[in-house]
Amino acid sequence: MDRPVKKGLGALADLALTFHQTQSQQGEIEKQTKILTDPAIDQKTRNAALFDRGYAYLLAEKDDLAVADFTTLIETGQETEEEHAETLYNRARAYWNLQDLPREREDLLAITQLADAPADLKSRAHIQLGYSFGELKEPEQEAFHYNAAYEVDGAPADVRYDAKIRLARAFNTQARYEQTEQLLSWLLSQEDVPHAQRIEALHSYSVALDHMDRPEDAILNYTTIIRMPEANNFDRSEAYYWRGHLLDYIERHEEAVRDFSAVLRMEGLDPWTTARALFARGCVNGKRERADEELADFTRLIELRYEPLDPRVEHYRIRAYARRGYALKQLERPEEAIADFNIVLADKNLTPYQTADALIDRGSALAMAERYSQAIDDFNAVLALADLPAESASSLVSDALWYKSLVLADLNQLNESIEVQTELLALPDISIALRLRTLNRRGYHYYRTGQPSEAQADFQFVFEHAEASAWQRSYALTFFAEICIDQGNAPLAIEHLKQAAQVEEVPTNQRARICWFEGQALALEQQHHAAIDSFTRGLAYEDVTPYMQHSLREDRAASYLALRQEQQAIADYDAAVAIDGLDGETIAGTYYSCGNAYYTLKQYETAQQHYAKVLASDEVSPELEILALYAHALCHDRTKNYAEAVEEYRQLVQRDDVVGEQEADFLYALANTHSKAKQYAQSEAIYQAVIDHEATDPVLKAKAIINSGVDFELQFRFDEALARFTEVLQHNAGPEGWRARAHCNRASCYYHLGQFELVVQETELALAEEQIEDNDYAESFFFYGTALAYLGRFDEALAQHEKTLDLEYDDVDEQAEVYLFRGITYKRMQKWDEALADFRQGIAIAKENSFQHAVGLRHLGEVLLRQGMPVEAAKALYAALALEKLSPRDTEEAQALLREIA
């Protein structure tokens, strides 16, 4: 037959393949078909045309037509044995493509029986038979044919050694790694091994070494390939790639990244190699916590453009979306993560395992984005999958149940969460680590739902379990302690925390957490100095999470405040907001706490600045925003910016989310500010709204009634004020000392109404109340002494006034009243000089435009008149009236005295 020898085999085959692949196969088919339709051609030409057309069909992947032509040619019986072997080999290739493996093996076996078949072709037939029997899981036949290929006399060295390498790969597939090592150690010791086969042998040997947990030896083999001058870019890219994986496995991440980067710097890489290297480097960058580089690698892979499409690359693109989504979730960028997982889940080629894995990741991202119902839908979708592979079903189902329980807990559906956790714990093959973690979590939920004995049982199981990690034991004990703190049992909490601290190999963040709870327990016992020491020890640990650092500083600041060490507290708050990695809501909460510290120091403007930072935050929760606005308004109130305070209180009560008891509280604050601004019509209406509000706390209602009565007093509406104070005394609850305060206020009203016996009666009722402090109710002594004087009981009156002289007063007007009321008593006793001295002293102390100043001038005028100084008396009386502060009774009496002078 006049045709190229060994077409499709070895080097000549490669040339033929290149030749055919650079031409249109259809053109070759048409050419040979035209030859075959010519009735004048001889048999030799016909046979050559049949072979060439069959080969063209084979390259064009028209395998059934290729089989037909090769079969026709074989049936002519006119081939030489060498040509017959070649035709059988190509028909075997077509059978392989058609997955007709029995016929493929039949042809290959026939080749091996031909005495004159070319040695390289016979050796290759044995190699292909070895591969085919390997697919059939027949290792003995597989090994027989690979060894037979090596033993073929005259076969080229590359083919013979290739057979041994394939046998080594078969050993690797069968996990016979020691035999791989023995075989390839021998092969690599041979001097005639071609470079290509030596490289292949080193790679297969490295695979075996990896499986034998000898990664360093495998790394040396790949390094040998990289350094071989004969290695081409493909060889080196593969060696760098697999060496990078091994370096990653032994946690030499920086070197792994360098290897994957070396692959990506090579020219002429195919998309498949680029995709694998980018994906691997992205994964290692994730382990290095280089989030920006990790995201950049996955994004570069996702955006990789090439033609024609390669399904393997597209598969890696989907994996890159999944890994990028996971990285974004870890960075708390859930919406971007969800978008990536949506793309993954839209892929129709996902395996059930990949579908479940992506659903779990998307579900946890949805939960992070507070899209809880959608998250639960994803976890339920995993639980509904019926085709999960057996080897991974348990881990996927347990993960879905675990995350579902967390979402239910976030929704405060703790009983439902407990049910899911119980279902998880009932799985037969749940890992010990997850079982113990779930028990810790369920124990906490049991406690939250008022089931302490069940909680204790779960925590105790964890602590006593032989396989519990140190961290899990410490965690269980810490939970015990937290429960004790919540129950107010600080000593028992401290006992558990001491046990937790004794557990070895606990992460430093957990040790800091133990110190944090210990500080809370000590603060609960009012041992604030010791609490501060505990918080300080927690802050001394390295590698503590930003949130743990923040909690330690916040709680230490609270203990400083309890000790009235406000500056130290403020320093801790300032340090807390400077911690990197905190979310905006946490920072806003600290600004609020720091504002409260400045408020305690009465530095209201600085406090307001901190509250304003809370209100300016984009991440502040509605609850904190309400508290900050309330505190901001309080600062306006304290600095007497009443209009601004009123405006902010009105903003609060107009909010849709301010309802119930909170609405009543804010209405009370609004009424109180109107009162201070002397806007009594507004305060009266709003106090009444507080009193009538169905959600008003009994104590707040009592305060509103009392304050409403005080407003009536300030307007000299004493009968209405008396009605209020009488009403409040009918209540069963009120602020501390409220009954005494109500009796004192009734005494004040009776005084101004001139009913002095009732003044004495009400004052004595006030003094009979428990927990009364003289400086709180000094005013009652003022009225009490003067009322006794009006009743002619002068010695008792002066004795009561004496009590007021030794008290300290924050308000100068109250201090002035000490002298003014005693002056009235002296006036009643007609001790004009003593009265005159007291009135002048009181006038000097009181603010010039105050009610007390006006009262002092009115009584001073009366005494001056009685001492025969009408001009000076008139001057004092006119000054008193000009202030327009006097009660109607005092005004009338001052006018009567002026008429007397005239």
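Just so it is clear, glycine is given a Cβ too, placed from its N, Cα and C backbone atoms.
Pulled from TrEMBL:
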- 588-621: repeat 'TPR' (REPEAT)
- 778-811: repeat 'TPR' (REPEAT)
- 816-849: repeat 'TPR' (REPEAT)
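Residues of the same chain lying 6 or more positions beyond the ends of the repeat 'TPR' (778-811) and with a Cβ under 8 Å from any Cβ of it are 743-744, 747-748, 750-751, 756-757, 759-760, 763, 766-767, 817-818, 821-822, 824-825, 828-829. Within the model, the repeat 'TPR' (816-849) shows a mean pLDDT value of 93, rounded to a whole number. Below 8 angstroms of C-beta separation, residues 778-779, 782-783, 785-786, 788-790, 794, 797-798, 801, 804-805, 807, 809, 855-857, 859-860, 862-864, 866-867, 883, 885 of the same chain, each at least six residues beyond the ends of the repeat 'TPR' (816-849), sit close to that stretch. Counting residues per DSSP class in helix, strand and coil order gives 27 helix, 0 strand, 7 coil for the repeat 'TPR' (816-849).
Taken residue by residue, the repeat 'TPR' (588-621) breaks down under DSSP into 26 helix, 0 strand, 8 coil.
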